[in-house]
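Trainee: If you look up TrEMBL, you'll see 5-243, 285-523 marked as domain 'TOG'. Feature annotation from TrEMBL assigns repeat 'HEAT' to 178-216, 458-496. Summarising the annotation, TrEMBL assigns region 'Disordered' to 251-278, 533-586, 629-654, 666-768. Annotation source TrEMBL lists compositional bias 'Polar residues' at 251-264, 554-564, 674-690, 706-724.
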Amino acid sequence: MDAWEFAEPVDILAKLPSNFRENVDSKKWTERKEALETLLNLLAENPKLDPSIDYRDMVKLLKNILHKDANINVAALAAKSLTQMARGLRQKFGIFTNDVAGVIVEKFKEKKKVLSDELVLCIDAVFESSNLDSLSETIQSALAKPNPQIKAQTSQFLYRIFYKFSPANVPNKNIKFFAPTLVKLLSESDPEVRDASSAALGAMMRLVHEKNMATLVGDVASDKIKWAKIIEYKEKAEQDYVEWLASQPKTASLEPGSSTNGTDLGSEASVEVDGSQPKEVDPWEFLEPADIMKELSKSFFEDVQSKKWQERKDSLEALLGLLIANPRLCTNGQYSEVIATLKGVIKNDANINVASVAVKCIANLATGLRRAFQPYTTSLTPIILEKFKEKKPVLKDPLVECIDAIYMTTHFENLNEHIAAALANKNPSVKIQTCLFLYRVFKNLRPTTTPKKQVKILTPVIVKLTVDPDPEVREAAFTALGAIMKAVGKSAATPLLGEVAQDKLKMAKIEEFHDKAMSEANPNAVTPLQLEQAAKEQDNSQKEPAGQPKNVAKSAQNGTTSKPFSKPPQGIKPAPPKKAPAPNLAKEENGHALEKKPTSYSAIIKTQSTISKLATPAPYVPMPAAAHKLKTTGPTPSRPMTAPYSERSKSQTMMSRVAVSNAVVSSGYGKPQNGPTRPVTSQQRPSTGIVQKAPQVVPRVVNSRLGVTSANRANSESTLNSIGQPRPAQPGSCQAPRPPPTSGNPSSLLPKPMPTTGSRLPILFRKN
């Protein structure tokens, strides 16, 4: 049990004597020593410091004493005091680690044990309050110092760091960062530096194993003396780790990765409890990425399209050789064209040997790019699964490796649709290999990492294959169902099996493969993408109850009710609400139904602005008959009416009235003739120029030299006298009946005569 957890935090600054600062700054080293001893006694009596107190001035004072004081005894007391403060504050001391560690490694040049031993304890305490990432730059710069004592002590510090790491929590990034520098120190002239660097590399080898360490050290692995020295320190690090682990307090709260510096206190005990094995070190992490596109032959794309299958195969084998020689590929390379070419070869090449090499290239690209290969998975998966119809091992075996490599680069949900289609394929070989692929996937999954949504989709499809006429298909289906049962558990898998769960023979077969999957399971084969996906699904399932909006779920928890939709944030314009579709017929006006046209928002705004610009509308005046005989120059384009009739037709009718009035006055018909007033019939309406449908305004020039006959004059007179009479709506017309004027003579509605100027009449507006 850790006694520090139960200790009371104390403010030691308040207990210091009033003359502490004067004594520390004294010119007499004995007075400085006595002052630091007083501080050290307070720190020893109070192992836990109050984290709410500001210790910046005190840490700065002790750091300056350690760095500048010429008396080695005073400097040693300052190092002891910093050690006690780091242990008393623990994580709260992390803000001072870089500054303090820089001074400590600089003082490593002191060889006297009275100070060097205290410096070792001090830097270890500083590291426990921080992590290796924050100290990596300081350590790297210390390893490059010219003083051999600094390099030797820093290498020993790395040894003490790495032998405390658990195999379940390997700092791959830090090992890869320090290894090249330590390899250079193996060739130093100072034997202590060489021995210390060998010790650090040995502690790293304990974590990453000999094979990966050989990749990191390069030519050193071929030097038997140096390699034997590293292996010797590896064995020593294993013993030191066991002893150190036994000396640490075992608490229930300690879990792998729980400590701030990553040394995993108590992780061995947790590994033994849950029965899982330490995570295997991935060699790919320690490889240097390579861009093979620079080394690819310039004639590669031409050779792949050759008519001779041997030339196509040779070009693909050259690419495969580059991929095997460079297991880790640079993610910045341009591989799209190469992958598209390989995909075409797999899909279309009739030669099975050429297609086999292309499949191997795809598999190596997937393992070399890993997550960067994910954009290509959805297009390649259906082609690979379709190719499983080939039974020859020369192509079938590479296809199995290829689909497994593709799965390791992406989320399972991205492949789910293609897998379901392959299970429904007519070819038995495709169904068999797809089921076996699912067995290899699900046998390595646990309930926490299994994509439950995809399991619910695929299980009913696999269940149908248990009654397939082909016995190999039925056997493969039982294999896949056994792996799914292992992944989700028997109790969760039984409801998904449906009627199969009642068949004892089939259930016995499924449980047989369930036991087989349990024995072959390798949890370390689960990719980080699968873990990320499972965690995402678990978070989404816990955020809110199913079938309820977010604010409804919250209000249900609080016992209140609220609207399911909240007001949008400021600065964001809310979308206009959707209107119900308008009926074909609008409301009746004067007893006649009007036809409703589709309306757009922009058309309504445009129409309203047009109406607002018009002055007091002129009264209705019919167009002279002479104007109807004028011919237009060129066809008139038709446009669909966008504004509603109730607004658009009124505005355009007003504009037409004004134009017709000017035309009548200019042609000599400014005064109406006396005569009987009679209603206008439907046969006469076309000659009046009244717009029957939604009119379009089209400018037209009237030739003033055209004459006006007596018949046209009479027709115009009768039309003028008919003003004010109600008109029934015509079939198929959107023109509304016009109500009669309230009072006055219809002829008085005409504007005053205007003198004609020039040889042309004003512009008329006619209907389309």
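Heads up, the Cβ atoms here are built off N, Cα and C, so glycines get one too.
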Trainee: For the repeat 'HEAT' (178-216), DSSP counts of helix, strand and coil?
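Mentor: Going by DSSP assignments, the repeat 'HEAT' (178-216) contains 34 helix, 0 strand, 5 coil.
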Trainee: Pull the DSSP breakdown for the repeat 'HEAT' (458-496) and write it out as helix, strand, coil residue counts.
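Mentor: Split by secondary structure, the repeat 'HEAT' (458-496) comes out as 35 helix, 0 strand, 4 coil.
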Trainee: Taking every residue in the repeat 'HEAT' (458-496), what is their average pLDDT?
Mentor: 91
